[in-house]
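Chemist: My questions all concern the structure below.
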Ligand SMILES: N[C@H](CCC[C@H](N)C(=O)O)C(=O)O
């Protein structure tokens with residue numbers, strides 16, 4: 001099986017072209033094996049680029065633990081780059097099907113005619129607690145909601161960008177918070193589908209710094225759906241403006257929550273790192 005390693009802002013996945021090859025049926029097991037940083041290729045998960053009946057391609061995204069997510073913001077930019085650069089869809093305006101619907105993307109190429117930056121219309125955020133889902137409240141939104149995790153008091157804002165996010169604004173996004181509390185919040189029973197957790201330091205009304213604990217993958221160097229959720233949470237809680245620059249561990253993303261359309265737009269890089277062949281039969 002041919003694979004390509006790509007990253008968006010340091011959020012790295014193993015990408016497989018399912019237009020031109022068949023891959024093993026058990027994609028959950030494949031995701032666990034191939035994502036392993038010591039026994040596999042290494043990555044935050046596996047992304048299958050599949051043909052679509054309704055769009056230019058379909059993204060199937062699996063976390064490193066084999067669980068499937070509805071959406072991946074950094075992943076979808078890389079899928080667009082792969083589709084353009086490898087001639088699956090030679091278009092600068094592209095539509096990609098995800099578990100969260102079909103999204104529109106705009107691709108920017110350099111002098112080399114390779115894609116370097118992609119803007120994704122991430123759609124409208126879902127704020128209704130039951131639809132995120134979270135049981136933190138019986139009805140309505142969870143915005144700066146006081147809650148206790150593991151004996152610590154926080155104010156959290158929950159947003160779904162197709163997948164669920166819990167945004168927490170903090171003074172300092174320490175290891176203790178991200179690595180210590182991240183997994184506890186991910187698996188808290190008040191998030192019935194588990195949750196991705198974003199720890200955010202506000203630098204100014206137009207600039208934030210993000211660390212992410214991802215459902216199913218642990219700490220990652222960036223999270224595009226998370227960064228979009230942060231843009232929304234910042235506006236809802238009056239901390240930031242509608243357009244922000246978000247510094248993640250592996251790079252920057254620009255986010256804009258458009259008032260008229262209610263859609264969030266995300267712009268960031270997409271990078272191909274290397275390709276190879278994965279041979280299951282070699283796995284002892
Ligand atoms: N890193 C991804 C999100 C993966 C989310 C996944 N961990 C989940 O279970 O929803 C992004 O750039 O949006």
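Note that Cβ sites are derived from N, Cα and C of the backbone, with glycine treated the same way.
No curator has checked TrEMBL annotations; they are predicted automatically.
Positions annotated as substrate binding site by TrEMBL: 11, 63, 73, 74, 163, 196, 214, 215, 224, 225. Annotation comment: TrEMBL describes 72 as active site, proton donor. What TrEMBL lists as active site is 72. Here TrEMBL flags 223 as active site, proton acceptor.
Show me how these features fit into the shown structure, please.
Modeler: Following the DSSP three-state reduction, the secondary structure of residue 224 (substrate binding site) is helix.
Under a cutoff of 8 A between CB atoms, and with a sequence separation of 6+ in the same chain, the neighbours of residue 72 (active site, proton donor) are 11, 13, 45, 47, 59, 61, 98, 163, 224, 225.
In the three-state DSSP classification, residue 72 (active site, proton donor) falls within coil.
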Chemist: Determine, to the nearest whole angstrom, how far the Cα atom of residue 223 (active site, proton acceptor) is from the Cα atom of residue 214 (substrate binding site).
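Modeler: Just about 8 Å between their Cα atoms.
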Chemist: Identify which of the binding-site residues 11, 163 has its Cβ surrounded by the largest number of other Cβ atoms within 10 Å, counting every protein chain shown.
Modeler: 11
Chemist: Name the secondary structure element type, per DSSP in three states, that contains residue 11 (substrate binding site).
Modeler: strand
